[in-house]
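Undergrad: What TrEMBL records for this protein is below:
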- 13-148: domain 'MARVEL' (DOMAIN)
- 153-297: domain 'MARVEL' (DOMAIN)
- 44-66: transmembrane segment (TRANSMEM)
- 78-101: transmembrane segment (TRANSMEM)
- 121-142: transmembrane segment (TRANSMEM)
- 154-177: transmembrane segment (TRANSMEM)
- 192-218: transmembrane segment (TRANSMEM)
- 225-246: transmembrane segment (TRANSMEM)
- 272-291: transmembrane segment (TRANSMEM)
Amino acid sequence: MESTAGPYLNTAAVTSPVGIARLLQITFGCTTFSLVAHRGGFSAAYGTFCMFVWTFCFAITVFIITCEFTHLHSCLSISWGNFTAAFAMLATLMSVTAAVIYPLYFVQLDCYPISCEVRDFRIAASVFAGLLFVTYAAEVFLTRAKPGQVTSYMATVSGLLKIVQAFVACIIFGALVNDSQYGKYVATQWCVAVYSFCFVVTVVVVAFSVTGKTALLWFSFERSVVIYTLGAVLLYVSAAVIWPVFCFDSKYGSPRRPGLCAKGKCPWDSQLVIAIFTYVNLLLYIVDLAYSQRIRFVSHI
């Protein structure tokens, strides 16, 4: 009797353009953290973050390619297309951050006070970290939704922007806890509430999409996302106006960086970072609102 089942192994998982990109991700990721762990070295929070990024992305990519090669992803109660698209975007953002941070803090041209061998290992690790970012960006490019194509929500421009918005919000939170003095005024506390609310709702939207539970909601998920995005734009507009006024106006703060402010421990620097990324996220939400009205949502892909 002939079996009607398909092949046990999905060779397209490693031979397709996306599969090849993932194999390169595994190769470059393993090479990067191996070079750093062997001789390159890392220290402090920045180095630990970079090592976490490379090992985390390596582990998840191995998991994804294993599941697709063996068809095990069909046994998981998640929307696989949404999960892989969301992770590819997140890995792209994390890997580019690590690719910038590691050489910035650990690479130098001369050999003093480190040996030339350590310097060479750090330069090589930085090169492979850059290649790792390129491969994740290539996967996002290959799997993104094409015009007129019915696909996973997280593969659309709006879905990918949700990941970027959440990532930018994490940068804002990092600056907030770095002695930003946000509790000084009620107005700046309002801005923190805006950042927190939008971050939480954005994560919830991503979570519902990845778990494939949007069809179980008693309300229209797509309509709710558009309404939320409009609300997020309005909230970020308020933060984009309030935060600079209460941080850089001479009546409440300082329009210029204080001369005696220590580098790396200056509230003014944190306030500037928050202001910049507030405008970045505002722009992202505006673009998201424009695209979210033109996409088709699919609950399970």
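Backbone N, Cα and C define each Cβ position, glycine as well.
Describe the structural context of these features.
TA: Using a Cβ-Cβ cut-off under 8 Å and counting only residues 6 or more beyond its ends in the same chain, the transmembrane segment (154-177) has close neighbours at 81-83, 85-86, 89-90, 93-94, 140, 143-145, 192, 195, 198-199, 202-203, 205-206, 209-210, 225, 229, 270-271, 273-274, 277-278, 280-281, 284-285, 287-288, 291-292, 295.
If one looks beyond the transmembrane segment (225-246) by at least 6 residues along the same chain, the residues whose Cβ comes under 8 Å of a Cβ in the stretch are 158, 184-185, 187-188, 190-191, 194-195, 197-198, 201-202, 205, 252-253, 271, 274-275, 278-279, 281-282, 285-286, 288-289, 292-293.
Beyond its flanks by at least six residues, the transmembrane segment (272-291) meets 156-158, 161-162, 164-165, 168-169, 171-172, 175-176, 180, 191, 195, 198, 226, 229-230, 232-233, 236-237, 239-240, 243-244, 247-248, 257 of its own chain at Cβ-Cβ distances under 8 Å.
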Undergrad: How many helix, strand and coil residues does the domain 'MARVEL' (153-297) contain under DSSP?
TA: 110 helix, 0 strand, 35 coil
Undergrad: Express the predicted model's confidence over the domain 'MARVEL' (153-297) as a mean pLDDT, rounded to an integer.
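TA: Summarising the domain 'MARVEL' (153-297) by its mean pLDDT gives 90.
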Undergrad: Would you list the DSSP helix, strand and coil counts for the residues of the domain 'MARVEL' (13-148)?
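TA: Counting residues by DSSP class gives 113 helix, 0 strand, 23 coil.
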